[in-house]
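Colleague: Below are the structure tokens for one structure; questions will follow.
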Amino acid sequence: MEPPIMVVNTVLSVMAYDYAPEKEAVYLSDDGGSDLTFYAMLEASKFSKYWLPFCKKFKVEPRSPDVYFRTAVGPMDDPVAAEEWLVVKQLYKDMKNQIESITKLGRVPEEIRRQHKGFKEWDFVSSKRDHQTILQIIIDGRDPKFVDSEGQPLPTLVYLSREKRPQYHHNFKAGAMNALIRVSSRISNAPIIMNVDCDMYSNNSNSIRDALCFFMDEEKGQGIAYVQYPQAFENITKNDLYGSSLNVIYGVELPGMDGYGGTGYIGTGCFHRREILCGRSYSKDYKVDWVKMNRKKTDESAEVLEEASKVLANCKYEENTKWGKEIGLKYGCLVEDMMTGFSIQCRGWKSVYFIPEMRAFVGLAPTTLLDSLAQHKRWSEGDFHIFLSRTFLSGLGKMSLIHKFTYCPYSLWAPNCLPTLYYFIVPSLCLLRGIHLFPQASSPWFQAFVYAILANSAYGLAECTWHKGTAKSWWNDQRMKLFKRMTSYLFGFFDRIFMMLGLTNSGFTITAKVVEDDAAIDRYEKEVMEFGAHSPMFTIIATVALLNLFSFVWGIEMVVTDITSKASLDLFAMQILLCGVLVLINVPVFQGLFFRRDKGKMPTSVTYKSLVIAVSLCSITFYQNGGPP
């Protein structure tokens, strides 16, 4: 799901930070244990010898070579510099072609495997879910032989795939991160740990320096546990088809949390103090001795460090320890990042949310509707877990009550499905039965409802446009909010309840960020919704859309039939308006159900199921008391 060349660009971008390379170590956690990814890292290490000095000389931004060479133009006024620029660009093209050809082949050729001892590790791998710890120090930054083309030291580069055994429960991302914390403490032991997802490259070479400014602040720096940067995405369509940019959350809501003690840890683009991530509690007397922390604690050879560090990434190492409970990322929660950040703040630490003018990290958002809904299902379920946790409900700790409340808009995403489904289903069914639920159009209370709806919509539209959105992107976001509340939050809510009752187990779903179907990519770029998958989520969406369509048609017929007295319009204006808005917002659903012929249309089985359910609901409503009203 994360192509090796994409991972290479992320690794190269963080290796090229504007920071002392001898103080930086880059660890790649490959939970898939792929020799293709390991091969890509070897190629990246070779290219880094030219890429890092190139970035410094030409002041490259961003420092992901793929993104840079895709948009930048070489120097025109200096023939020597222009030739060097073209040489490095060609080196990158050659590396990219080599990696992609090997990836397409699906295996590393034997002649390449013989060139590095690390490939021998895969001789003992039985499967991706059953293998020993694989750890290789690709670049040892302490070794003087590892230098760039200008003779300057390179950052340490380590490949790690933690041990997997069928008999052990694997806490996907949290376990991988905790293994990295243990291993890095043995190899480099830097006081600051930055983690970033493999699909998010560094977009700002000064991010390390910016983060350190907060940690080293003489007045408030001692109380800061982590510095969180917002996420940004490069593949968002003009009108943000799936509402994936989350601009209002990142631009308004999280800065608001920052004013009450700090935002949550969102799992990527975050700089942590190592000792706080490892369980240290807050103390007013806490002081950091940066000089002492920066001293190297080992002069052992790379081979010795590899073997010693493998033990730290084994499954048995953390048995009967505090790892995953009080040390490192928390286990047992689908949003282990948010739970970890929340727990750190409950120990009395603060965090900083920093939005630089040039975004620090840029990645990829889901490009299909199902992937987006699956991602929000995991988020809503995990956030609801935090709300129901003993830490949140007990009121213990050093976190203020109002700071806890700032987590509630996200922690209560999941139960928000219940009132939403009520408003999507009950008013339309009551309209079919002739039961009015809202004030009559002639009532003064009707104006209050209209004002609340218009004011909320206008405020949301203003927030969206303030953050460089469009009116259509706001409309798309409203549609996605409805879809998520009907499906993602619904499944997340009941899954969490069932887990509490011991009926199901939690599972981590990887969200695909790269779509290989050219037709699907073309539809996404044209902002045509992708429904081409069999999913109960789509059945719910289609059923609710059809139910409101039938109710809206019935309501219009009532109004037209009763045009003389206008009693129906007075009684049911709000319900008809609600159904009409839901019909309008679901236009892409109707297109997918009945008018589209591409592979992204709604599957035939989903269409039939939703029609049968919607018609059945309408029929039962009509005839349960002897016929239509």
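Using the three backbone atoms N, Cα and C, a Cβ is placed for every residue, glycine included.
Any TrEMBL annotation is an automated prediction that lacks curation.
Taken from TrEMBL, the feature UDP-alpha-D-glucose binding site applies to Glu2, Asp31. The feature active site is assigned by TrEMBL to Asp31, Asp337. The feature Mn(2+) binding site is assigned by TrEMBL to Lys173, Asp197. Among the features that TrEMBL reports, transmembrane segment is placed at 482-503, 538-560, 572-594.
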Colleague: Taking Lys173 (Mn(2+) binding site) as the reference, which of Glu2, Asp31, Asp337 (the recorded positions) have a CA within 10 A of its CA?
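Modeller: Taking Glu2, Asp31, Asp337 one by one, the ones whose Cα falls within 10 Å of Lys173 (Mn(2+) binding site) are Asp31, Asp337.
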Colleague: Select the most exposed residue of Glu2, Asp31, Asp197, Asp337, where exposure means the fewest other Cβ atoms within 10 Å, treating these as the recorded positions.
Modeller: Asp197
Colleague: Which number gives the other C-beta atoms within 10 angstroms of the C-beta of Lys173 (Mn(2+) binding site), all protein chains shown included?
Modeller: 20
Colleague: Rounded to the nearest angstrom, how far is the Cα of Asp197 (Mn(2+) binding site) from the Cα of Asp337 (active site)?
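Modeller: Pair distance, Cα basis, whole Å: 12 Å.
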Colleague: To the nearest whole angstrom, what is the C-alpha distance linking Glu2 (UDP-alpha-D-glucose binding site) and Asp197 (Mn(2+) binding site)?
Modeller: 10
Colleague: Calculate the distance in Å between the alpha carbons (Cα) of Asp197 (Mn(2+) binding site) and Asp31 (UDP-alpha-D-glucose binding site), and round it to a whole number.
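Modeller: About 12 Å separate the Cα atoms of these two residues.
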